[in-house]
Amino acid sequence: MAVGLAIQSEGGQYTGKITVFVVFSCMVAATAGIIFGYDLGISGGLTSMESFLKEFFPRVYNKMKEDKKTSNYCKFDSQMLTLFTSSLYIAGLIASFFASSVTRAYGRKLSIFIGGTALFAGAALGGASYNIYMLLLGRVLLGVGLGFTNQSVPLYLSEMALSKYRGAFNVGFQICVNIGFILATFINYGTVKIKGGWGWRISLAMAAAPAAILTIGAFFLPETPNSLIQHGDDHENAKRMLQRIRGVDDVQAELDDLIKASHTSKSVKHPFRNLLQRKYRPQLVMSIAIPFFQQITGINVIAFYAPVLFRTIGSGESASLMSATVLGLVGLGSTVVSSLIVDKLGRRALFHLGGIQMFVSQMLIGGIMAAKLGDHGGLSKGYGILLLILICIYVAGFGLSWGPLGWVVTSEIFPLEIRSAAQSITVAINLVFTFLIAQAFLAMLCHMKSGIFFFFGAWVALMTGFVYFYLPETKNIPIEKMEKIWREHPFWKRIVGHDQEFEKSKIEGA
């Protein structure tokens, strides 16, 4: 079944329509984003929830409630508390490399199914925890699930989507992340009011609901045509699937490109080793730089610890949780805007716009906290509201740019022969720095105080310049023809060479 929006084969585009079949399949796969966002929101809320702290982190609870001498910036400084947040990401880092082999050898569906199963088990164990060890084991299982789903789902979305709308489909993953975050903040806001102090169990266990949808849905997801060709010689089966997801009969041009890419892919026996070749240098750099920059924006400081930050500046428990909900709604709205304009304005324009917005807001946040928030006491109501507005502006800038585009660009620039390996590196780098920042943030907040916002703001300025000079535009380019953007880029063409040199290196590499 198809709906309008037919695209003719012009300027490198393939023929096709946006079909209900593709939309539904991508919605199920993108459920992984809901779980990712839900965990971000739940983790941040729980670390400021008194009943949870009293149960598992009594020292932090006592410092927050009774210690009047400790600085505002240091009350939550606990390595065990940050380990609760960050253990998930180190587990995801290790799992992502196993996920690469599974995705390459057995297809995207199996990786999504394994990820969904691990997420469900981790959520169930977290909700049933009665000591810190069970709690951390549940986090590790969630990390394994995210390692598999974050590796496979962006690839799945890019391979299923028509190139003209690939950006919008991939931003759908980030929209789901924002939806998950908002759901988590609402649930935290409700469960904190449950008498008896066991509401945190509901917060942790509710992640099992989207995990169940993802796990069951994986049985019914179609495999991508790219994967069908890569894992078999039945090109007719792949052609029928391509006709079904594109909603047209004339798919030969796209099929030929997929077959050609598959032949190149099968000649590569060691994709991780191949990534080191000169012809893949741009992709290798981007697979490292983009996820690194995405984390060093400081967004996870806000996502993990928004309630902690608001409690730092003097908000109460319920007010801090509701402030996090506001941030989630702002992030969702800006990400939806990004999905509507990313394939029109392009990736680079949104990176620049969002980067400027984030930089300015972070400088102002740091300045206000430096001038008005001391080591003890809190901010006035007026300055507290102003800080919330500035943090919303920052979150909106991230939702417009680095939030969705960090996944969009890295899922569309890799050729098939290195795609699963390069995506694993992207996920691994993302998780490494998510882990490091999550583990270090509370100590950084304690020692750097308001200067932490200047620290992240400087990185935002640097990464905006990096995009300007080194990232070519990728909008509307078919995924199997993406290699041409590097050969035409002023900087990268000096490394990968022009068309004839590139083709020669490809033949020699095979």
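Each residue, glycine too, has its Cβ placed from N, Cα and C.
If you look up TrEMBL, you'll see 18-38 (among others) marked as transmembrane segment.
Per TrEMBL, the feature domain 'Major facilitator superfamily (MFS) profile' maps to 25-475.
Within the chain, the transmembrane segment (80-98) has long-range Cβ neighbours (under 8 A, six or more residues past its boundaries) at 39, 43, 46-47, 53, 56-57, 60, 118, 132, 135-136, 139-148, 150-151, 304, 424, 427-428, 431-432, 434-436, 438-443. Here TrEMBL flags 80-98 (among others) as transmembrane segment.
Residues 29, 32, 35, 95, 99, 102-103, 137-149, 151-153, 156, 201-202, 204-208, 211-212, 214-219, 221 of the same chain lie 6+ residues outside the transmembrane segment (110-130) yet bring a C-beta within less than 8 angstroms of a C-beta in it. Residues annotated as transmembrane segment in TrEMBL: 110-130 (among others).
As annotated by TrEMBL, transmembrane segment applies to 136-157 (among others). Only residues 6 or more beyond the boundaries of the transmembrane segment (136-157), in the same chain, are considered here, and those with a CB under 8 A from a CB of the stretch are 26, 29-30, 32-33, 35-36, 39, 83-84, 87-96, 98-100, 102-103, 108, 111-112, 114-127, 129, 166, 169-170, 172-173, 204, 207, 211, 214, 221, 224, 407-408, 410-411, 419-420, 423-424, 427, 430-431.
Feature annotation from TrEMBL assigns transmembrane segment to 169-192 (among others).
Tertiary proximity for the transmembrane segment (198-221) is limited to same-chain residues at least six positions away from its ends with a CB under 8 Å from its CB atoms, namely 25, 28-29, 31-32, 34-35, 38-39, 42, 45-46, 49, 51-52, 55, 109, 112-113, 115-117, 119-120, 122-124, 126-129, 138, 142, 145, 149, 156, 180, 183-184, 187-188, 190-192. Per TrEMBL, transmembrane segment is recorded for 198-221 (among others).
Summarising the annotation, TrEMBL assigns transmembrane segment to 284-306 (among others).
The annotation transmembrane segment is assigned in TrEMBL to 318-342 (among others). Same-chain residues lying 6 or more positions outside the transmembrane segment (318-342) and placing a CB less than 8 Å from one of its CB atoms are 41, 44-45, 48-49, 167-168, 171-172, 174-175, 177-179, 181-182, 184-186, 188-189, 192-193, 302, 306-308, 310-311, 350, 388, 391-392, 395-401, 403-405, 408, 475.
Long-range contacts of the transmembrane segment (349-371) within the same chain, counting only residues at least 6 positions beyond its ends with a Cβ under 8 Å from a Cβ of the stretch, are 297-298, 313, 338, 341-342, 383, 386-387, 390-391, 393-394, 396-402, 405, 449-454, 456-457, 460-461, 463-464, 467-468, 471. Sequence annotations record features per position, and here TrEMBL assigns transmembrane segment to 349-371 (among others).
Taken from TrEMBL, the feature transmembrane segment applies to 383-409 (among others).
Residues or ranges marked as transmembrane segment by TrEMBL: 421-445 (among others).
Under the heading transmembrane segment, TrEMBL lists 451-471 (among others).
On the 0 to 100 pLDDT scale, the model's mean across the domain 'Major facilitator superfamily (MFS) profile' (25-475) is 83.
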